[in-house]
Amino acid sequence: MSSGMPTSSCTICAARKKTNRWSLDGTDSDMVVKKIVCVGAGYVGGPTCAVIASQCPDIQVTVVDMNAEKIRQWNSDELPIYEPDLDGIVKKCRGRNLFFSADVVTAIREAQLIFISVNTPTKTYGLGEGRAPDLKYVESVARTIAECAGGPKIVVEKSTVPVKAAQSIAQILYAAQRDNPRLSFQVLSNPEFLAEGTAISDLLKPDRVLIGGDQTAQGLAAIAELVSVYEHWVPRERIITTNTWSSELTKLVANALLAQRISSINAVSAICEATGADVREVAHAAGTDSRIGPKFLQASVGFGGSCFQKDVLNLVYLCESLNLKEAADYWMGVVNINNWQRRRFADKIICEMFNTLSEKRIAMFGFAFKKNTADTRYEPGSRESSSIYVAKHLLEESAHLCIYDPKVPADHMIAELSNVSGSARVAKQVFVCNDPYAAAKNAHAIVIMTEWDEFKELDYARLYASMMKPASLFDGRVMLDHNKLVDIGFYVHSIGVKCSRPQAHSVRGPN
Ligand SMILES: NC(=O)c1ccc[n+]([C@@H]2O[C@H](COP(=O)([O-])OP(=O)(O)OC[C@H]3O[C@@H](n4cnc5c(N)ncnc54)[C@H](O)[C@@H]3O)[C@@H](O)[C@H]2O)c1
């Protein structure tokens, strides 16, 4: 694999014309990509392929997975994941040019272009434990492709991988190619930038699509084929083409920069609490500078999700492997601040509740790592939703947790919490409620963990009336009207803002 400067669209067009579309075997061919397979029917594979199928009616898209139950769900009325607008798109295309199948081998054999969209969790063993991504699933797909391809294929790594992973995939494929002259492969990098909760709109109107590949004639031709798929709906100027390594690194850097913004404002939130500054005012005033911008400056109980921590750790490991200690320490700080923020929030709850949660009931509103997603997947070594961490700390203090989340299924929450706190403790101390009012009944405190819109609309006077007194509310998303809550009678604690107490109860006056 060669590297080089980013390719311009003209070079790509020329490559495409010169090679008469993709002809990986060097012969003239006017074959175009008509069949795509995506290996991995998860949060990325499912929505991405649903959107490709909806925008490219001339292309047949098959999503395969080794998990047959997941495939059954994709073929049913109840999809395995929740994303706004996903249901409609899948139901419109399924059976037309979108298929879900557990027959990985047949789908790979028939497709001209293969997306690898399998999970790449943080390693929990051996070299790089707790830092490096585990590429065993990516490697196993590469081996399956090598075994059953049967002809030329463009293999596209969509999973988030460390820099040079494409080289490992290519090594496996080229070994098969040497033994079978009918095979030929090009490996491209096409990282996915969608965000859970807005996956469909992100895919339909991406800020950019990034495609990296070999800077050879055949590499450029393969890039051009993938460009032509996206061009069905993405304006050409939003499709960026680069060399393979730039593309792989960009995905890690993009997530690290986003996570860094969150850790930065969360670090500021602690300064605000100690000084009387208000993090909302600071974020707004700083974010109006067009060089800084307002996005990702919302203080909170910390970032979660399947990607941020994993990808920053991936970058840390890369820096360490390259002997770049200072760079590794810098990015590790982003993760450290996130863990500290979760611990800080849990400590605030314990501290404000007279340093003991024993026998106290706490209503936890929200379990998902952010609104509009039910994803709280636990991958060993990477606990994703901050709720899992905060709950763990509170359970250790003997609290009884009554958790309500509008989307996350009860068995999912119990499984996640059992992973970190043990099933015996969870069975004794955790109750999942299907209504916020039931969760808050007789509770000493409400803790807001996810910024679900519906939490803004609740009848807090009704909630307050059913709670033990004094009733506290800990707003981990800095999302509610604190003055209103104080008027009702709540003791309100949040992140990066002054704690608010009801006047009549304040012995020392408002502080
Ligand atoms: N979830 C996100 O928001 C997001 C966003 C951008 C990028 N990514 C990256 O995309 C990749 C996929 O993430 P995801 O969230 O979709 O993961 P996921 O866990 O939801 O789905 C991965 C799927 O791959 C399947 N799989 C694993 N090995 C397989 C094999 N050998 N053959 C067939 N199927 C196999 C699993 O059964 C699983 O269903 C990861 O690298 C992730 O970092 C995720």
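Note: Cβ is positioned from N, Cα and C throughout, glycine not excepted.
Listed in TrEMBL:
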type	residues	note
ACT_SITE	Cys307	active site, nucleophile
BINDING	40-45, Asp65, Lys70, 118-122, 159-160, Glu196, 307-310, Arg377	NAD(+) binding site
DOMAIN	363-482	domain 'UDP-glucose/GDP-mannose dehydrogenase C-terminal'
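Screening the binding-site residues Asn119, Thr122, Glu196 for a C-beta under 6 A from any atom of ligand 1 leaves Asn119, Glu196. Nearest neighbour of Cys307 (active site, nucleophile) by Cα distance, taken over the binding-site residues Gly40, Asp65, Thr122: Thr122. Here the domain 'UDP-glucose/GDP-mannose dehydrogenase C-terminal' (363-482) returns a mean pLDDT of 92 for the predicted model.
DSSP assigns Gln309 (NAD(+) binding site) to a helix in the three-state reduction. Asp65 (NAD(+) binding site): 23 other CB atoms within 10 A of its CB, across all protein chains. The number of other CB atoms found within 10 A of the CB of Thr122 (NAD(+) binding site), across every protein chain shown, is 21. Under DSSP, residues within the domain 'UDP-glucose/GDP-mannose dehydrogenase C-terminal' (363-482) fall into helix, strand and coil as 46 helix, 21 strand, 53 coil.
In the three-state DSSP classification, Thr122 (NAD(+) binding site) falls within a strand.
In the structure as shown, the Cβ atom of Cys307 (active site, nucleophile) sits within 10 Å of 24 other Cβ atoms.
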